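The following features are taken from Swiss-Prot:
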- ASP139: active site, proton acceptor (ACT_SITE)
- ILE28, GLY29, GLU30, GLY31, THR32, PHE33, GLY34, GLN35, VAL36, LYS49: ATP binding site (BINDING)
- 22-297: domain 'Protein kinase' (DOMAIN)
Amino acid sequence: MEPAEEGEILAHRRFTATKMEYEKIRIIGEGTFGQVILARKGRARYALKKVSKEKEGLSVTTIREVQVLRAMGHPSIVRLIEVVVEPGGDIYMVFPYFPYDLNRFIRSNKMTCSEIKHIFYQIAQGVCYIHSKGIMHRDLKSANILLDQKLNASIADFGMARYTTKTGAYTPGMVTLWYRAPEILLGSSSYTYAVDIWSLGCILTEMYLGHMIFQGSTEMLQLEMVIHACGSINENSYPGVQDLPGFRNFRLPQSPRRIEGIIRKHDASAVELVSKMLCLDPSKRITVEQVVGSKYFEHEARRDASSAGLQGCSYREDRLSLSKRKNVD
């Protein structure tokens, strides 16, 4: 079984699972995570995520995801309905079915500024709630944002999520490469919630451009693309960066900052927010509470959120104590 991260508390006792009562229809997703199957129960449709198992039992990724999802309760976070088991022993996590993910939606539609703000506000609200629980998602990307037919967004895939610790030491190399913050690209294992903010900046930019802005095939190429858009990485733009292992290992190019000009061509109102999210220095990167409170949302998205009772980020006092996290499952 893969090891837990330093300071991470995981309960390895058996999960409560009910008998499989869902009719499988077809596979709708497949990858390193396993399979996602469209299923039916009565007239309702569901998504069944097959749980990965190892010789010693359930993987740490699966245990972590179930624990975290059972602690969640927010309209912008996918709901884990139950865990079911088949007679042969296969285990599935049951979720509501969503017809789209944001990645496919972006590539199939020319999104309006109103749609972008509406969707992104919901994502930011969800991340605000996640962070209020003392959790970093660590895999925010457009493919992990699910959409219903009314463009209501739900954040999914919490296999890489984990609770923050007092030591602040975590596994390096997390987050899908194209959405990975520069501090992780440079080998930091002492990162913060700011890594999720960088990913949010990538998602918002992606919605405007119609494609992901940084598409490196290796960490070095990814860094070069980040530098080309966000400027040179040095002690002026990122104090302390020379202490990171990757800064010594890579010969980084020099470049002026261009990201503001790129976004201004699509929506001038988004320039300031994108600039603050895609800040090279994680200590100066905007917080998710500040994202939610940004003037970027003053007109369309905030009006929509207010009608749904989601005005502002109202979850800051909802962090779990360390003692409660031990029994989060």
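Glycine residues also receive a Cβ, built from the backbone N, Cα and C atoms like all the rest.
The structure, with features from Swiss-Prot marked on it.
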| residue | record | DSSP class |
| --- | --- | --- |
| ILE28 | ATP binding site | strand |
| GLY34 | ATP binding site | strand |
| ASP139 | active site, proton acceptor | coil |
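Neighbour counts were taken at the CB atom with a 10 A radius for the recorded positions GLU30, ASP139; the maximum falls on ASP139. There are 16 other Cβ atoms within 10 Å of the Cβ belonging to GLY34 (ATP binding site). Using a 10 Å radius centred on the Cβ of ILE28 (ATP binding site) and all shown protein chains, the other Cβ atoms total 15. Annotation for VAL36 (ATP binding site): spatial neighbours ILE27, ILE28, GLY29, GLU30, ALA47, LEU48, LYS49, LYS50, criterion Cβ-Cβ under 8 Å with sequence separation of six or more. Distance between Cα atoms for GLY34 (ATP binding site) and ASP139 (active site, proton acceptor): 16 Å, as a whole number.
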